[in-house]
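What Swiss-Prot says about this one:
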DOMAIN    5-238  domain 'ABC transporter'
BINDING   Gly37, Pro38, Ser39, Gly40, Cys41, Gly42, Lys43, Ser44  ATP binding site
DOMAIN    297-367  domain 'Mop'
Amino acid sequence: MRDVSRSIQAQFRGALGRFALDAAFTVPATGITGLFGPSGCGKSTVLRCIAGLQQLPGSTFAIDGDVWQDASQFRQPHQRPIGYVFQEASLFAHLSVKANLLYGAPRDAAHARDSITFDEVIELLGLAALLERSPRHLSGGERQRVAIGRALLSQPKLLLMDEPLSALDRLTKDEILPFLERLHERLALPVIYVSHDMAEIERLADHLVLMRKGQVLAAGPLAALQSDPALPLAASRDAAVNFEATVEDYDPGYGLLTVAVDGGRLLVPAPPAQRGEHRRLRIAAGDVSLARELPHNTSILNVLPARIVSHNPLGDSEILVVLALGGNGEGARLLARVTRRSWDHLELADGIGLIAQVKGVALAPGRNTGTHASSPGLRGR
């Protein structure tokens, strides 16, 4: 395997009973990488392979150039510096929350320069009030927060999360997601996050590995895979693209943020934020309409110059349009769904410049994408 620093390189190939796995990908060793696909496509199996719990001959894995396995070596699970969070918290019922958190933590971790400390984990995950309680008396969301804290205190080089919210109801998921976002904002620890819920992926992930039937369809930045018409995400009824945006201004009179994206500016209803802060936006294909000329007297606030990159038919009546923001067509990608009649009526074609009217912009709650640090400890330490 080629030694590439600051990247995760994986290639797992082999038969597991009747299931054939052929998964190869390279992603940055920073941020959150979502491993996404339908149930049974091999996502959890890939995590087990990364952890060394499943051994397939001839497979390879390396992170930051540190080879964990290849044709000549295989590091056992206990020798791999990973934290693993499962669907179920699996806490020790006879131990307190504090004892569960400290279980397995290296004794010399407090003296390591880049380690995350006990107090930092307590603060990040909001666990101070739970330390003396028994796991038996915790809610599902509290148990998962403790499990995440225990994984972090093992001082991992890589955090694996296998559908950590799948056993929780929607209300509890909404309670725990902000804590995961805080971890993303404050820690530089790479995470591989398995889910079949695209809403979780869109809210958390920076990069995406898209799987189907044991194979990797594509791997890359989240927005790039969302806007690729050759992949199933763009053709789905709820297709959308996520953007990283920078706050430029806030209008308290109307409660609107002005944010800059690659290729333009958007007005977003949102609470106040500081200039320079980063926010994640989501624009659904169904919330984008097209015009050949700048409209007048419209209620739509976000009207941006764009250029058609490509188009693909969706059945007999609709067309998926891939747009690039900005007059030069080199900005962020955006999706739109239009009827074939509208396409013909406007005489649209690839390469044409037009106006994209964005009727709705969703702001990820509490998400400040920040800047990624290089240390596994707290950002900016």
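Heads up, the Cβ atoms here are built off N, Cα and C, so glycines get one too.
Annotated features, which come from Swiss-Prot, shown on the structure.
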residue : record           : Cβ contacts under 8 Å, 6 or more apart
Gly37   : ATP binding site : Lys43, His196, Leu210, Met211, Arg212
Pro38   : ATP binding site : His196, Arg212
Ser39   : ATP binding site : His196
Gly40   : ATP binding site : none
Cys41   : ATP binding site : Met211, Arg212, Lys213, Gly214
Gly42   : ATP binding site : Phe19, Leu21, Ala23, Met211, Lys213, Gly214, Gln215
Ser44   : ATP binding site : Asp162, Glu163, Val194
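Take the mean position of the Cβ atoms of Gly37, Pro38, Ser39, Gly40, Cys41, Gly42, Lys43, Ser44, the recorded ATP site; other residues of that chain with a Cβ within 8 Å of it are His196, Met211.
Helix, strand and coil residue tallies for the domain 'Mop' (297-367), in that order: 6 helix, 36 strand, 29 coil [DSSP]. Look at Gly37 (ATP binding site): DSSP puts it in coil. For the domain 'ABC transporter' (5-238), the model's average pLDDT works out to 93.
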